[in-house]
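Trainee: Handing you a structure now.
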Amino acid sequence: MLLLPSAADGQGTAITHALTSASTLCQVEPVGRWFEAFVKRRNRNASASFQELEDKKELSEESEDEELQLEEFPMLKTLDPKDWKNQDHYAVLGLGHVRYKATQRQIKAAHKAMVLKHHPDKRKAAGEPIKEGDNDYFTCITKAYEMLSDPVKRRAFNSVDPTFDNSVPSKSEAKDNFFEVFSPVFERNSRWSNKKNVPKLGDMNSSFEDVDAFYSFWYNFDSWREFSYLDEEEKEKAECRDERRWIEKQNRATRAQRKKEEMNRIRTLVDNAYSCDPRIKKFKEEEKAKKEAEKKAKADAKRKEQEAKEKQRQAELEAARLAKEKEEEEVRQQALLAKKEKDIQKKAIKKERQKLRNLCKTWNHFSDSEAERVKMMEEVEKLCDRLELSSLQCLNETLTSSTKEVGKAALEKQIEEINEQIRKEKEEAEARMRQASKNAEKSAGGGGNGSKHWSEDDLQLLIKAVNLFPAGTNSRWEVIANYMNIHSSSGVKRTAKDVIGKAKSLQKLDPHQKDDINKKAFDKFKKEHGVVPQADNATPSERFEGPCTDFTPWTTEEQKLLEQALKTYPVNTPERWEKIAEAVPGRTKKDCMKRYKELVEMVKAKKAAQEQVLNASRGKK
């Protein structure tokens, strides 16, 4: 709506009425090309610029149609209208050089041109002979236009285009010129793809992603090509519904078979290209080199890790070795310190013992007669063996600082305490031995050995034989029984059954009872090998300090040290036994020699017992 401008300042607006005739209402109809363009845009809901582009496109297509040159088909007039299905429809319309690329406008224009040229009326007017009805070749032009103007029928004909090359290059053909051979093949087969933007084959410079995308596309190729045009039977010609269904079934089966053959052809094409593609070989070599590099890097990393672990292990071993050496050094120092303390203790005890003997000798052993003196000397030796260092020091201090009567009283008191202690120990040992014997007899009841008495000597001999013939000895218990029968002083003959029963009863004893048995055996040994007192009329000899024979039983550790020393110092070694005694702490040369003789006797007895059992078994056989 148009409005007049307002009046200027200081001026007014005047309204005038023109003296004209009355208005009349008339109808106006819009016409012209601009109105036509407006209506098209309104109907298509498009802008003016979009419509302008459409117009340009139509103009370009019209210009192409005007520039299109139709090819003359020389065999057109010789075509049989009844065999129209086997004709080349594009060639009939003069589009043989354009074929599937021809647009609908071009097909329409070509048909129009062919009609103007070959219509029967026009040819008849020109004096040419005309066949009646559908027998004229013009029918072929009509059929060609019917097939190509219908998109469905045209697609069916394009699928079986007689000019299309369905051949697949072999591997030998593309060995040297792969891209020149396969590029046009993939290019012409790309027309069957349902998907647009079909990837190109590329060249040697194509990336792995492009090549992979290309082969992925063709291995999953989606083709629209179908073969309904080659149906042998037309369902429209069927006389009934059943016949039509049968025809459709036959046509579907034939189409499926041809579709399968087509997909096999495409797959063969892709397989041949893939096997001949030099880029695939290059990518495989690169992948192989990459994997080898990764494998080498992994191996290097593993080797470095192993080297680090080995280095750490060696460091740990070195640290453990140093710690062990340090610990061994500490143990050795402690052992040396303990040995020094023990030596100091021994020297102190030895000194106190000698002091006690000298003090008693000074007081003439507090006796007036020789018999009392000898007895007192034995008691003093007993004190020296039984008393500890502190008791010896206290007794020596008392004897040094007191008179003869006080010293004698102190000495006699100490002797009385020691004798009382020995008596109690002896009674306890005898009681334990009696109890052990009773327990052994009870546990061995029914074992065949209850009626045979086992003396202390036989028990010690049994223990010795069990240690002498360890487990694993052939006919062990027979050998032990034979050994006891040979060396026993009781005269009682033992069988293997008796020995087994007694050995089991001894194993059931508590540790205190075993200690009592061993101690009693040691006391007996000491008694048998002890010093015999001289006669009363004999002159007492002067006592000299020297190494005395140690009657303490040999421990397992001392036995190992002795065996090692015997191996270390052979028979031809000078001062052999002195060196062996030095290698066994706490043992003298005499102790080592005596122990060696005992071992030799034990080995001989063991061999003799084994030989006797062996001879007895041979005699039975």
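Glycine too: its Cβ is placed from the backbone N, Cα and C atoms.
Swiss-Prot lists Met1 with the feature N-acetylmethionine. Per Swiss-Prot, phosphoserine is recorded for Ser47, Ser49, Ser60, Ser63, Ser183, and the stated evidence type is similarity to another entry. The feature domain 'J' is assigned by Swiss-Prot to 88-161, with sequence analysis given as support. What Swiss-Prot lists as region 'ZRF1-UBD' is 160-250. The annotation region 'Disordered' is assigned in Swiss-Prot to 294-315, 426-453. Summarising the annotation, Swiss-Prot assigns domain 'SANT 1' to 449-511 and lists sequence analysis as the type of evidence. Among the features that Swiss-Prot reports, domain 'SANT 2' is placed at 549-604.
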Trainee: Same chain only, sequence gap of 6 or more: which residues have a CB within under 8 Å of the CB of Ser183 (phosphoserine)?
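Mentor: Residues satisfying the criterion: Lys200, Leu201.
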Trainee: DSSP says what for the domain 'J' (88-161): how many helix, strand, coil residues?
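Mentor: Tallied per class, the domain 'J' (88-161) gives 52 helix, 0 strand, 22 coil.
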Trainee: Looking only at the region 'ZRF1-UBD' (160-250), what is the mean pLDDT?
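Mentor: A mean pLDDT of 85 is what the model gives the region 'ZRF1-UBD' (160-250).
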